[in-house]
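Engineer: Below is one structure. I have some questions about it.
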Amino acid sequence: MDKKTLNTLEYNEIKNKIEKLCKSKLGKSIANKLEPMIEEDEIRQSLDETYEAMSMIYKFSNPPIYEIINVKASIMHVSKGGYIVPEVLLKIGQILNSVHDIKRYAGESDENYENCPMIMAMMDSLVEEPDLVATINNAIISEDEISDNASRNLARIRQTKRQKTENIRDKINSILSSNDQALQENIVTMRDDRYVIPVKVSHKSSFKGIVHDHSSSGQTVYIEPMEVVELNNELRMLEAEEREEIIRILKEISDRVYDVKDSIFVDQDVLSKLDFIFAKAKYAIEIDATNPKLNTNGYFNFKNARHPLLDKKKVVPISIYLGDDYNTLVITGPNTGGKTVTLKTVGLITLMAQSGILIPVDENSEVAIFDNIFTDIGDEQSIEQSLSTFSAHMKNIVHIVNNITFNSLVLFDELGAGTDPTEGAALAIAILRIFLYKSIRTIATTHYSQLKIFALTEKYVKNGSVEFDVNTLSPTYKLRIGIPGKSNAFEISRRLGLDDDIINNAKEILSQEDKDFEDVLSDIESKKKQIDEDKQRQLELKEDLLKLRDRYEKEIEKTKLEKEKIINEAKENANEIYMRAKEESRELINKLKFLEKESDARTVANDVENKFNKRIKKSSNKKLLNETSKKQKLQLGDEVEILGIEQQGTIVSEPDKKGDLLVQVGILKINANVKNLKKIKEKEVIQSSKSIKSIIKNKANSDIKSEIDLRGKNIEEAIYELDKYIDDCVIVGLKKVNIIHGKGTGMLRKGIREYLRSDKRVKKIEDAGYNEGGLGATFIYLK
């Protein structure tokens, strides 16, 4: 990639921002060496890695990556008989600690492997060494201190040292206390790593010992008393022994590190890369970046692109595309209107994407991969001092023309400026034609009207302009494709106070052709602005309609859910009523089985169950209230009709506080409330009695078989029928029955047997014999 372009577009500023977000020196080193790539697969992988890392940060926050240094040279030094110093061992421990933490950073859910496969694969490649980490942490305290726990021998040596030092101090303190007059100071100090005392020169001869030093004034000599010379010698020997033991420990740990060097090298490289990738992800979050589409067709489409180095709260987004129906874009408009920023935005965003950096554009933007990007952007401060403005630009253009490739992007700022306008415009058109005929993607900014006409008349060339608000005399920085811009020199001058006569005179000097062209531009601009405003209103209206539609859809969904809730609650209530009624029926049936006239009892029980079901159906449709019962007085022995089940009976208990009492209906006693009772006359009682006897007589002969066939039914249907069948069997007194369920898959047999095991009415379950159905049937014995 052209080095001048990288500097002009401030590519290094982007690298610096990413480098600062790296946690480790190795990560920073990768960021510092970053350059744009040209292979699509490499770029796609790098962008996707960054996008995955960004997703993880949003979900799990920043990863636990610590300081990582290059430990390879230190580890390889072990192979030459050396050892690793404590400082580097601590760094190796830090690398391994980071491996441990980052492998647990996101967990190992299927969702992570599906959404972030590349980052998860990198994390999986990390190798943990827990035993080595424990050894390092146990042995190394700091960069220059080894723990007593490193070995038993080291602990013993240091304990002996402490005792020896204490002995020396005791000896010297004894000497100090008995020779106070001879001492310069009553202290113990060190010279040449040996304990000495400061003695006045005048008393030097009164001390037996070795002189190690004297003061700068010559008044003090530092003497090692003979009484401690041997102790000092022993202390020195212990220190030497300590150093040897420390080196032995370091070599032992170093050998263990060397044994797993390949794993540590992988960990170092992967952690460094992860550090760099997550730094790119953090930067992407800062600039609200997205993951663009890529192509090698020379087509790019940036939607609401923002220059990443400008304040994102103030920068005005631009939407720009090139390489589809046109290859050359000519941008015109006033100075400071945003033309140069547009060029730099296009160039820098392209460089970022080709470097695997997510870009500040809206979703579904597309980036073209270029072999090279050439720029001629700058002002007089950036131009070589020895050349004129025009010469400096032209020298740069010559370099571009000589080095251009088919798959290049060229960005010209004020092409043809710095010389005679007529000649400059002609040169600019000729240069643009060179690139146009080679289908090289080119964007150029200019003030020349000739280039506007060139863009209007030449195929595959399009005009563009930066918008200027003449009312506020300020640029809006909005880019418009397809519309040439105006300089607005006359309007700006008038609003700034220039006399109208001067402005009118200037207009007269213009050729009629220039006037007509400017009028056309003004008309186009006005109409374009009106179209844009209409389009914006349509978009707002569409947005309002969409919001309204969404609101109504939500209301409909809410109503639907509420309806379903009401229905479900009603079903639950109905089911509860049914189950309660069924339980009451079962209790009645259990009482009836003790009666002598079993067939009559079954008739009454079935009739009661049917009446209960009838009552349930009625009570779920409307609330039953007996208004007349409130006015009548009921007492013990009264004949009444129970509303809802159409049965008659005799009151056999006094009502409680709630109005509940017992009514004798034939051989049954039924709970009822006075609200649901109606007093009846004697004639009605006689008719009812006859009716009940008639029912019993008609149903007494009903035939209950000793087997039931449940084949072809699902488990729920089979159990429902079986439950009713067992009730009937209990009433008529059958003790052994055969349940035919068939063989099939065995699921029906299994479901029925599970139900029977929980049924208290069943005394015993046994398989049918071979000639009785085998596995396709089950015999049960009832209590």
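Glycine is treated like the rest: Cβ placed from N, Cα and C.
Just so it is clear, the model here is predicted, and its values are computed rather than measured.
So Swiss-Prot says this about it:
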type    : residues                                                       : note
BINDING : Gly333, Pro334, Asn335, Thr336, Gly337, Gly338, Lys339, Thr340 : ATP binding site
DOMAIN  : 708-783                                                        : domain 'Smr'
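Describe the structural context of each listed feature in the structure shown, including burial, neighbouring residues and relevant distances.
Structural biologist: With a 10 A radius on its CB, Gly337 (ATP binding site) counts 25 other CB atoms from all the protein chains. The secondary structure of Gly337 (ATP binding site), as reduced to three states from DSSP, is coil rather than helix or strand.
Secondary structure of the domain 'Smr' (708-783) per DSSP (helix as H, G, I; strand as E, B; remaining residues coil): 36 helix, 19 strand, 21 coil.
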Engineer: Cβ atoms within 10 Å, counted per site: which of Gly333, Pro334, Gly338 has the most, among these binding-site residues?
Structural biologist: Gly333
